[in-house]
Amino acid sequence: MVVRAYNEELAYLEKKSPYKWEIKKGFQPNMRVEGVFYVNKFLEKLMLEELQNACRPGMIGGFLPGVKQIANVAALPGIVHKSIGLPDVHSGYGFAIGNMAAFDMDDPQSIVSPGGVGFDINCGVRLLRTNLFEKDVQPIKEQLAQSMFDHIPVGVGSKGIIPMNANDLEEALEMGMDWSLREGYAWAEDKEHCEENGRMLNADSSKVSMRARKRGLPQLGTLGAGNHYAEIQVVDEVYDKWAAKKMGIENVGQVCVMIHSGSRGFGHQVATDALLEMEKAMARDKIEVNDRQLACARINSNEGQNYLKAMSAAANFAWVNRSSMTFLARQAFAKQFKLTPDDLDMHVIYDVSHNIAKMEQHYIDGKPKHLLVHRKGSTRAFPPYHPLIPVDYQLTGQPVLIGGTMGTCSYVLTGTEQGMNETFGSTCHGAGRALSRAKSRRNIDYNDVLEKLQKQGIAIRVASPKLVMEEAPESYKNVTDVVDTCHEAGISKKTVKLRPIAVIKG
Amino acid sequence: MSINKVKALGYPLAAVFDANDQKSFRMLILWLEENILHTYVPEKRTELQNVDSPSWDTAFKNYCVSCSSPIKSTEAMDQLEWLLGVAIRLTYNKQKNKFDSETKKTLEVSTDVPMIIPSDNPIDNLDVNSSDFKEGIEKLADLLNISKHPDHKITLEAIHKFIIKRLNEEAIKNPSSILPKGEAFPLEKVKGHTIESKDSAVLHAMKVLRLAQLHRLRDLQTCINECIVAMQEVTSDPKTDTKLGKVGY
């Protein structure tokens, strides 16, 4: 890393509009394209402070500041257009979380990097609607939260209640949501309203290590820990009436269920395995990167292909996982209300992936290009009429589900044409951390956090309360700032705001 | 019946040929052998020539074997059918060029002039361009509240679609099953996207086309979902076992 004084660093950053900054070439060595990041004035302060802190003499260790990470990604072979930081960007392993980048598939030098996908492969958010209203749920929300907690196993080391053997897992890895459909855990309409239709076709379970399978098998159908949650939410505000109607959201007060989860230990192991393999490939193919956390391999190399196939299997795992939890959530509701999930109209509004790499076609300088798009902590947000979004959302654009942090609100956005042109049809994914986990543990008391939630009238069920402060709203950026920035910058459009009334957490 | 084949081969007695008449049948076989098949040398044909003899049937059986007929059936008619086929093939191969060019000519003529088959169905004999017919369609369109196209046949197509979809037995019994639910998406909210035109009529038309296309896509997706559901009837067996569950720390 180049060591410069903060003022000198600032010379490389230019504010292009109230919501958009550009990182010029030269900020980090060998930048092939410019970097860009979207922030409003509050988030801007956080970004620059982080950089300023890193510029102080003697600051070594930990992750690089987000701006530096975006610039390092801009130096990777085969990158096109720009290295893009979304408003919730914060430091992560190699790539910043909230950093997206696309690599030209036709360039033999282009790379794929597990750091650009993240450890929790195909972590994502799913939103179910119901035909219930807040007044129906408030009186029994404690029972409902308990019922959800009883159905969906949570926490580190939790195990699922859907019986599966090794053979089932093998099939699920290849089939994704089609497995859930075949076995009857999902509805046909769920598949229709899921990104990629809930199945990556290039998945190859033979590229997945034994260790990953062993970790994955008992964890299917579990929520996990960390920032994952299942929430019962109510519609708090509707910004775009017609788009909301298309999603089946009719009015303020309507009850929804949000599930935020990923591929659990399975995806983590796939990423870990790939990182080891790629270090060797980098030495062999003489791939030079600015940060050794940016381990990568050429897309067409064996290592690159193996990773993509295993990653797809992990993505399928995550979809089966979310489908299983959808099934369990539907059961929990059905039991409480003594109605079938059908009667409760518990349809999936949409299911997004915010940690994934996908092959997509985009226009660069007016020419169609095949790209490998890495989205880490970034959600796909395709505009109206895009052929890859469900027919129900052709007029509105793809729904984008932004999960807030525990106790704060969540949003539904829609994709825009401008986002397609500027950010490869990508937008933010959530609040984004402001404090590291360790810092949160030191600074916040978990009793305060739980008490505060209670005061807000939110029913909460947690498996490990002592870890709750890591996920306290104070540890995160303000999700409203993040979403507003995306809206103002035009890369996605606000549609609905949701507020939690019950939280189930690891 | 093989009468067309017999005629095509130019059998002089085709007009009076009767397959069920023993003598007529035997005469045809003899004619086929003498004029086309030539399986026997002329000297060996005596038994076949003797069409009134009681031993003719045996002679015919032997003859079929000599022709290496693959027909296992003991029915004389089946054998005749096969022999006629062989005879036609031989005749065709002898004058292949002539037949091919004739066929070509016939085909060209027949594609130019559509073959008209007189029909008993009154609808087939309708003059769809008569003013009576046009007037009828217009009246029907008014009645069903369908806007008219300058080409009355297109209006008719629209009426047809409407009746099939909205006025079928099921729909009349249970009208709510086909009425679209929810509020309609206003046309002015439909974004143009890549449509570039300043003419509001063109824009409007493009939007309508888009909506029509979406409607078709929706129907297709519904079909797909129905297929999945039909498959689930067979395969689905969701189970849960709470004993397996474990909450983490």
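Backbone N, Cα and C atoms are what each Cβ position is placed from, and that goes for glycine too.
All TrEMBL annotations are machine predictions without curation.
Cross-referencing A:H193, A:H347, A:H354 with the Mn(2+) 2 binding residues that TrEMBL gives (A:C123, A:H260) picks out A:H354.
Residues A:D120, A:C123 are given by TrEMBL as Mn(2+) 1 binders; from A:H81, A:H90, A:H228, that same site also lists A:H228. When the binding-site residues A:D120, A:C123, A:H260, A:H354 are ranked by how far their Cα is from the Cα of A:T405 (GMP binding site), A:H260 comes first.
Cβ crowding, taken as the number of other Cβ atoms within 10 Å, peaks at A:C123 among the binding-site residues A:C123, A:A230. DSSP assigns A:C123 (Mn(2+) 1 binding site) to coil in the three-state reduction, placing it in neither a helix nor a strand. Using a 10 angstroms CA-CA radius around A:H354 (Mn(2+) 2 binding site), the binding-site residues that qualify from A:C123, A:N227, A:H228, A:A230, A:H429 are A:C123, A:H429.
Put simply, of the binding-site residues A:H260, A:H429, A:G432, the one whose Cα is nearest the Cα of A:H228 (Mn(2+) 1 binding site) is A:H260.
On its own chain, A:D120 (Mn(2+) 1 binding site) has A:G226, A:G262, A:S263, A:R264, A:G267, A:H268, A:N355 as residues at least 6 apart in sequence with a Cβ closer than 8 Å to its own Cβ. The binding-site residues in question are A:H228, A:H260, A:H429, and the one with the fewest Cβ neighbours inside 10 Å is A:H228. Mapped onto three states, the DSSP output places A:H260 (Mn(2+) 2 binding site) in strand.
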